[in-house]
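Trainee: Dropping a structure here in structure tokens format, bear with me for questions.
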Amino acid sequence: MKNERKKTKSCFSYPCKEKSEYCVFLLALSFAYVAKTMSGAYMNSMNTQIEKQFNIPASLVGIISGSFEVGNLLLIAFVSYFGAKLHRPRIIALGCTVMAFGCLLISLPHFLMGRYQVETSISSTENSSSSMPLCLASNGQSSIPMEKPSCEKEPGSLMWVFVLVGNIIRGMGETPIMPLGISYVEDFAKAENSPLYIGCLHTATVIGPLLGFMLGSFCAQLYVDLGLIDLEEVTLTLTDARWVGAWWLGVLICGSVNLLAGMPFWFLPKTLFKEGEESDTEVPHRISETLVQGNGKNQVKQNMYEIAKDFLPFLRALFHNPVYMLFVCITVLQFNAFDGMISFMPKYLEQQFGKSASDAIFLIGIYNLPIICIGYFLGGLLMKKFKTNTIQAAKIAFWISLLEYLIYFAAYFMVCETSPVAGLTVSYEGYILLFSYMETTLLADCNSDCDCTLKVWDPVCGDNGITYVSPCLAGCKGSNGTGKHMVFENCACVAASAFSSRNISAVLGQCDREENCDKMLQYFLILSLVCCFIYSLGATPGYMVLISSAEKFISRHESLTGIPSPVYFGALIDTTCLKWGTKTCGGEGACRMYDIVTYRYNFFLHIYLSFVNCIYHCIIYVLGLSVIEKQHIEIGDCKFLSVSNYFLLRQTLPSIVFHNRL
């Protein structure tokens, strides 16, 4: 009888029969984690596709990206306080369903706004035997978009609002999954099994982003109007700034997965027997521990009024806590740039190294995410082997994060030479421009009589290795072939350059980057892999500090970091734009080409802030804040982290923010 009592009743040590609800919950929660992180990673990977589909600037894309956190923030306080007192599995099920609805709303514009209109001055169906006039003085065929008073009211001009609202709804649906799921696991699992279960959930949160990035890479190489047009008529290549992938397809797939993930939770009970307790001899272990009461209360309040009446006093006490508010405000400022970096990483690889969106997304997923999973595992294994306590874990996480910051500085020097584009980065003779770009720099003696529009981005690559903004601005007077095989002939500007060859023709698309660029990309990816591994080693110690030093409610402050950072990060990126696309009404659309040097300065903003933050921490320690290690601040039953643990914890949180942002 005693031997039977000593059996460990976890899902991994005995068959799940009548009392299998806990096993089902763990599997369902793992799948829900995969679904939500897959959706998040996919949406982050599609930022550039959304930018080009709706012809909007990066700052507006940042608002759309940050809207997910707005949805999170709208409900997190209510979910954290009320959620654990109600039927948690059904609330999680409702959240998954809401996420699926948000995905459906995001994909809706594709079916409402018609086919994607490519910004071009070239006909993709021109007869190959004819010679198409491109550079004729005052030919009256200018393709400059004419302004229309009603342009903004045309179908499709504001369709990005559907994506914005859908992302807010998706954020609202995601809110209960992590906090209520973790609390359910901790409430009904044996103490020795809880870390194993949470570790399985963390593994799921790495699998999800990997699937999301792979799906994003696949969809980005499919043309947006898949199945509606003959792809042979498409003159764009995957690396063209105007290429838009089938972003809507992946959103629908993610929505279906989210809907499927929520179904098992509808059939799970509100409470379970505590693992290890006998249902026929023991009283059920009914726990209604809230997410914000660290010491817990084991009595369920059935009266909603009694539950609600403590909510406002709780919030008042929370926001009057100086340590908590300092923790939130300063951490939000610190991790704003970090969060923006995550949102625009694929775009950085596209612009800096000349990769297609599909390749950029694939490389991020395949290089970074598997090594992060290994780092999570090794970090937990080392903590178990050396039996580190909370203070030791915090210090380990601090020094690991500091080491990663210092190593990542090397990425700043892994650059490619600026792509030569006549009138933007080099002169028409092929020499580097030493002055700021102005629209008039697109004109030269070789095209001054061509009556070209300066608004359209329709790049061609000359035989001299220089890219021209359009065939007209290249001085081309004729063409042969159709579609992607079109060749422009008698290009005066190609002949006029200092690097001209015998041929004076040009082909569609930008010229390829130099061979050295691929080598620099490999160095950058290897460095990124090393940094991700080092960073993930500190994630498990940092997470343990967060759990033991602060309340669960405190961990959701990263929602604040995701709201402003993509917005101002996108605005900073917009300031580096050299050539804007043009809307049908003549207004500015999405950026077609960036100054990659200034772009790099802005992209690595998070490194500068992290360096300043490290100096700040050194000053804090010199001043002796570690002397007050044992000081805590309490709000009723809520106990918060010590002051010095707070400063250590701030260094460990970027890995947790990265983990939750996806």
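Using N, Cα and C of the backbone, Cβ positions are placed for all residues, glycine too.
Among the features that TrEMBL reports, domain 'Kazal-like' is placed at 440-495. The transmembrane segment annotation in TrEMBL covers 21-43, 63-84, 91-112, 158-184, 196-224, 244-268, 323-345, 360-384, 396-415, 421-438, 523-546, 603-623.
Distances, neighbours, how buried they are, the whole picture for these features please.
Mentor: In the predicted model, the domain 'Kazal-like' (440-495) has a mean pLDDT of 84.
Beyond the transmembrane segment (91-112), the same-chain residues lying 6 or more positions past its ends with a Cβ under 8 Å from any Cβ of the stretch are 29, 32, 35-36, 39, 43, 53-54, 71, 79, 83, 155-156, 159-160, 162-163, 165-177, 180-181, 224, 247-248, 251-252, 254-256, 258-259, 261-266.
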Trainee: Between the transmembrane segment (244-268) and the stretches 21-43, 158-184, 196-224, 360-384, work out which stretch tops the count of Cβ pairs under 8 Å.
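Mentor: That would be 21-43.
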Trainee: Which residues of the chain, 6 or more past the ends of the transmembrane segment (158-184), have a CB below 8 A from one of its CBs?
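Mentor: Distant contacts of the transmembrane segment (158-184): 25, 29, 32-33, 36, 39-40, 43, 50, 54, 56, 60, 63-65, 67-76, 79-80, 83-84, 88-89, 91-92, 94-109, 112-113, 152, 198, 201, 258, 289, 291, 552, 556, 660.
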Trainee: Within the same chain, where does the transmembrane segment (196-224) have neighbours whose Cβ lies under 8 angstroms from its own Cβ atoms, ignoring anything closer than 6 residues to its ends? I mean 6 or more beyond.
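Mentor: The answer is 10, 12, 26, 29-31, 33-42, 44-46, 49, 53, 110, 116, 181-182, 185, 189, 231, 234, 238, 243-250, 253-254, 356-359, 361-362, 364-366, 369-370, 372-373, 376-377, 380, 659, 662.
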